[in-house]
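Chemist: Pasting a structure here, questions to come.
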Amino acid sequence: MNDILTYDFMQRALVAAIVTGLTAPAIGTYLVQRRLALLGDGIGHIALTGVAAGLLTGTQPLVTAVVVSILGAVAIELLRTYGRTSGDVALALLFYGGIAGGVLLVNLAGGSAAQLNSYLFGSILSVSPSDLVIVAVLGAVVLLLSVGLSPQLFAVCQDEEHARVSGVPVQAYGILIAVLAAVTVTVSMRTVGLLLVSALMVVPVAAAQQLTRSFRGTFVLAMGIGTFAALAGVLGSYEIDTQPGPTIVIVALGIFLALAPVGHLVRSTRRRLSSTNDPVEEAA
Amino acid sequence: MTRSASTRSASARSTGADPLVVDDVHVALGGREVVRGVSLAVHPSEFVVLLGSNGSGKTTLMRAAMGVIPIAAGQVRLFGTPLRRFRDRQRIGYVPQRSTAAAGVPSTVREVVMSGRLSRRPHAGRSSRDDRSAVAEAIALVDLEDYATQPAAELSGGQQQRVMLARGLASRPDLLVLDEPTAGVDARSQVALAELFGRLLGEGRAIFMVAHELGPFEPMIDRAVVLRSGKVSYDGPCTGGDLAAASEPHNQHHPHLVEPGPHVGIDGTGAWGA
């Protein structure tokens, strides 16, 4: 166990895992609160086109993926706000266009199935030193904004209408959330992969909610669970020779399954206690 | 109980711009004109109720006046400033109609009420001591101190409505705007709400409320405006036959609700129902 930590690629993979484990659930908490849990999934699909564009043009795929997924995320947010016809269908067009276009372009660029696979499900061997710098910088920006602007982001996700009347620039913050989600997707691309990144945005939040009662508590615990799952997943994938993405997600789901009955028990006990203390029930 | 509407408006009305002036406003929803040329005003420390049946356009008018949905024609002025240029958002306490305070992630009553302070701090930064004391004060006003750290979604419907009210009060507004705050709220809580309104009006704040029925508020209401098919069909005092004629089913008098019991109060004496 100790000797694998001395490998350079493993050290880079673990740092990337920590960044992913912190950022994905942080932005994921806002997405879940806004009932946009699957937004990350859609952005992941679109990001693949960005990766392919990088491979085709000989640019670093991480950079093109960031650019394309930010454009896609802003388009999704605008479609959501102004979409006259079914926003659902418009989103589906964008998502499937993204993944089909991405695979097509990777094929045209002469990319192998293994290479494509590494983008879709992560690959611990593939985090280059220059990747790591980009991941760390972008991850720090996401964390800084999602913590620093949490009162505003919370208000917008909790009740858009009230936030608007309070003078909060709702649309700007909506776009910011989408952009942060897009950046997080690309930051997580090497670790969990584009197809599973959304799971790391949602599953730790769902697991944390089993125990927490406040937004802040959920936010912090989800980041803790996400970091643990990402680290355990990366190390586990090396030990049992699997891809990191699925391994991380299975660890996160395992935590959720372990916490769900505990949360159920805690909630029902609490309800029983509060109903004996306060026998007056809602009449209306 | 509280002073009646007439004595209050004579004594406590302050000078200054009207909190809300709606001038010949038209609002269209999905291409259909729902509000068709409405004019009304809420003067300082006045309690105005907007009545009307379902589909009369009252909620649409209120949302348009708050800038939530666009106005097709006409003008809204908040404290003398056109809506578009109005920045003193903390002067307005907005309480939208809401069956639930729940979102996808649990949030405590205190967290939800804290977002009512954002109009005073629209940009980044931690909450100040003043923010925290205003939130505690607002939670106390609706008598939810015991629930401050509980998830809002786990409270009853009436309690969640009070969370929304506390959020609206957190910025210490000069104008409180509410959409059917009594919907699904039991009689005891309605009386407690009326007590609270009486206190706010006594402090010189104005209230603009969309309502379905007047209930225990009736004695303190200065004016009722009745909408019918997007137009004002009545604007005047809320007693007398004119209002009855204009809004038939919605002015039911509830004499048993007007007189609160001897222990009714808003300072933790259990005035609010569940």
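Using N, Cα and C of the backbone, Cβ positions are placed for all residues, glycine too.
Nobody curates TrEMBL annotations by hand; they come from automatic prediction.
What TrEMBL records for A:12-31, A:62-79, A:91-112, A:132-156, A:168-187, A:193-212, A:219-238, A:244-266 is transmembrane segment.
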Chemist: Need a quick answer: max count of Cβ pairs under 8 Å to the transmembrane segment (A:219-238), which of A:12-31, A:62-79, A:91-112, A:193-212, A:244-266 is it?
Modeler: A:12-31
Chemist: Give the nonlocal contacts of the transmembrane segment (A:62-79) in its own chain as ranges (CB under 8 Å, at least six residues past its ends).
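Modeler: For the transmembrane segment (A:62-79), the sequence-distant neighbours (Cβ-Cβ under 8 Å, at least 6 residues beyond its ends) are 39, 42-44, 46-51, 53-54, 87, 90-91, 94, 98, 131, 134-135, 138, 174-175, 177-179, 181-183, 185-186, 189-190.
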Chemist: Name the range, of those listed as A:12-31, A:91-112, A:168-187, A:244-266, that has the largest tally of Cβ pairs under 8 Å with the transmembrane segment (A:193-212).
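Modeler: By the under-8 Å Cβ criterion, the transmembrane segment (A:193-212) pairs most with A:244-266.
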Chemist: What stretch of A:12-31, A:91-112, A:244-266 shows the most Cβ pairs under 8 Å to the transmembrane segment (A:168-187)?
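Modeler: Stretch with the highest Cβ contact count: A:12-31.
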Chemist: Which residues, given as numbers and ranges, are at least 6 beyond the ends of the transmembrane segment (A:12-31) yet have a Cβ under 8 Å from it?
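Modeler: For the transmembrane segment (A:12-31), the sequence-distant neighbours (Cβ-Cβ under 8 Å, at least 6 residues beyond its ends) are 5, 37, 39-40, 124-125, 127-129, 131-132, 135-136, 139, 142-143, 146-147, 153-154, 157, 177, 180-181, 184, 187-188, 190-192, 197, 200-202, 204-205, 208, 215, 218-219, 222-223, 225-231, 233-235, 244, 248.
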